[in-house]
Amino acid sequence: MAPSSVVVTIDKPSNISLVEVDDSETSVFLEKQKTASTKQFSWLLLLKAQRILSFFPWLAMGVSKTFVSVKKRIALSDSSKDEVKYKEKIMYKFIRVFLAISIVALVVEIIAYLQNWDLKLIPSEAMGLVHLSYMCWISFRADYLAPSITMLSQFCVLLFMIQSLDRFILGIGCFWIKLKKIKPVIDDQSYDIEDPSSFPMVLVQIPMCNEREVYQQSIASACQLDWPKDRILIQVLDDSSDELLQILIRNEVNSWKEKGVNIIYRHRFVRTGYKAGNLHSAMSCDYVKNYEFVAILDADFQPNPDFLILTVPHFKGKPDLALVQARWSFVNKDENLLTRLQNINLCFHFEVEQQVNGHFLNFFGFNGTAGVWRIKALEESGGWLERTTVEDMDIAVRAHLNGWKFIYLNDVKVLCELPESYEAYKKQQHRWHSGPMQLFRLCLPAILSSKISKWKKANMIFLFFLLRKLILPFYSFTLFCVILPLTMFIPEAELPIWVICYVPVTMSILNILPSPKSFPFLMPYLLFENTMSVTKFNAMVSGLFQLGSAYEWVVTKKSGRSSESDLLAFAERESKSFSEDKIQRRLSDSGLDMLGKLKEQEIPVVVVEKKKNRIYRKELALAFLLLTAATRSLLSAHGIHFYFLLFQGLSFLAVGLDLIGEQVN
């Protein structure tokens with residue numbers, strides 16, 4: 001064999017050919033391969049460089065669009081509609097003073113950092129008047145400020161851990177219910193379909209106030225409930241102040257009445273007490289005594305036809321049962337980031353809190369809608385009262401104190417809407433957190449003097465009211481919006497990492513478990529909950545001490561979204577409900593006049609409904625405060641504290657500029 005050749009053989013030569021490589025060509029082959037590899041590597045580097053360079057224009061464009069959006073938000077902001085006069089708010093003044101002090105402290109800390117002074121320890125010798133002043137500040141904060149801040153932070157951390165333990169126990173209870181497949185069951189046989197007289201008399205109430213967007217679909221859903229026609233009455237309780245809207249709602253009621261539905265329209269001339277006053281007025285009608293149960297459906301709720309079939313039979317054979325509550329399901333939960341975050345919160349509320357309390361305690365807070373009440377329980381508990389803005393929780397507490405029991409049905413879902421704008425959501429949360437504190441002040445003597453067991457009294461006072469309604473907003477705002485930025489300037493009282501990171505993330509994961517599809521929004525949820533703490537804390541304080549905004553009631557704005565299954569039926573109703581012939585026929589001679597008014601006011605109505613952006617000054621002030629603290633944290637290389645303060649400050653900034661939720665074209 002020639003010495004310039006190399007022969008490679010294989011032990012199993014089947015289907016494998018002999019390969020012969022000439023040694024004289026090997027060097028040329030390797031040179032070509034090396035050249036090709038060099039060119040490929042060069043092209044790879046150029047490709048990566050091109051991708052890196054293309055990232056910067058994309059980033060610049062994103063930042064530019066963000067600044068343009070912020071500029072538009074500020075330019076289009078409407079402060080004339082701002083009901084809150086910030087200059088008169090103690091809380092806003094406190095935040096501004098805190099921000100001013102933190103900025104001054106940051107300037108001092110930056111000077112100390114540039115001079116290479118130790119930001120934590122007191123130096124042995126002073127190097128000048130400025131250095132001596134800084135030494136005095138370090139000594140003062142270590143001896144006087146740090147101990148008090150440490151005590152307050154330890155108290156808040158204790159409350160935080162107690163509330164986290166409560167959430168954890170609720171999660172275990174929910175897991176036990178899922179594991180054992182525990183569900184409320186109907187004891188006796190259902191009603192005889194062939195004998196309508198075996199069905200109890202049910203009253204369906206739809207309270208509404210200026211619900212232009214949703215009145216048609218809510219009335220239609222109630223009129224399509226599967227129940228004997230002579231055993232049901234639907235009350236449309238309209239508190240609208242718009243005369244034209246009253247006409248439209250009355251027309252919608254008349255159209256269903258012509259189809260054989262037992263439905264009536266009621267409008268109050270004296271509109272006092274908000275929703276509670278509306279319901280109380282409706283229950284005072286003489287014909288109500290002929291009905292055994294009442295189902296309450298808010299204007300944006302769309303129950304399935306089998307809603308009454310799945311709820312009312314639970315009362316059979318249970319004379320001590322007062323309420324059957326169904327779960328809410330949201331038709332617009334994926335509309336924007338705000339609705340997604342709300343869905344996480346409410347899924348935990350219904351899946352865990354309501355279900356666990358309903359099974360183990362037979363008590364939970366009535367959600368105000370999507371529930372069926374025994375009318376006898378309402379009457380014996382004092383009926384609807386106008387003393388708070390949470391009339392639903394009020395009647396539930398009084399019924400529980402009178403010995404009545406509740407059932408929660410997690411499998412029965414009723415479609416409704418979530419607020420799509422931050423303004424609507426903020427007002428809703430203010431009412432939901434101010435009202436319970438009003439109710440707690442009013443109900444505490446009744447709870448202490450009631451005949452229920454001591455365990456139930458303790459549960460209602462310490463868990464239902466104090467822990468979940470007072471302590472939660474208190475420690476959330478105090479710990480993460482006050483103490484944490486304060487400790488950046490007083491490092492002697494620094495919060496441990498597990499308080500800032502590990503426990504909050506663990507609790508957020510626990511809260512998000514009932515809605516597993518929302519896991520990508522874990523961190524936005526954690527930041528947004530802390531951001532909302534300023535609103536909840538303010539509402540809690542105003543309700544507890546009966547401040548000016550405690551009794552504020554604003555109807556949550558609706559968009560009128562329907563489920564896909566309702567679109568065809570809704571389109572059919574739409575074509576009939578808003579025709580000119582219908583108005584003329586229903587209103588006889590006055591129809592032409594009303595039609596003229598309707599045409600005259602078409603354009604102004606559209607103008608009124610246009611939303612303008614708002615600037616939320618408290619949130620903005622807290623954003624700058626947290627970002628200032630983040631800068632101070634960066635000087636000391638705190639690590640996780642810096643990142644938390646940075647992203648929390650950006651979260652407050654986005655909310656303060658109204659960049660979350662419904663967007664304005």
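Cβ from N, Cα, C; glycine included.
According to TrEMBL, the feature transmembrane segment maps to 90-114 (among others). Within its own chain, the transmembrane segment (90-114) is flanked in space by residues 130, 134, 137, 482, 485, 489, 538, 541, 617-618, 621-622, 624-625, 628-629, 631-632, 635, which lie at least six positions past its ends and keep a Cβ under 8 Å from the stretch.
As annotated by TrEMBL, transmembrane segment applies to 144-162 (among others).
What TrEMBL lists as domain 'Glycosyltransferase 2-like' is 294-490.
Taken from TrEMBL, the feature transmembrane segment applies to 461-489 (among others).
Here TrEMBL flags 495-513 (among others) as transmembrane segment.
Residues 92, 95-96, 98-99, 102-103, 105-106, 109-110, 113, 119, 481, 484-486, 488-489, 534, 641-642, 645-646, 648-653, 656-657 of the same chain lie 6+ residues outside the transmembrane segment (620-635) yet bring a C-beta within less than 8 angstroms of a C-beta in it. According to TrEMBL, the transmembrane segment annotation covers 620-635 (among others).
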How about long-range neighbours of the transmembrane segment (495-513): same chain, 6 or more residues beyond its ends, C-beta under 8 Å?
153, 157, 160-161, 164, 167-168, 171, 344-345, 348, 479, 483-484, 487, 519, 521-522, 525-526, 529, 640-641, 644
Need one number: mean pLDDT over the domain 'Glycosyltransferase 2-like' (294-490).
94
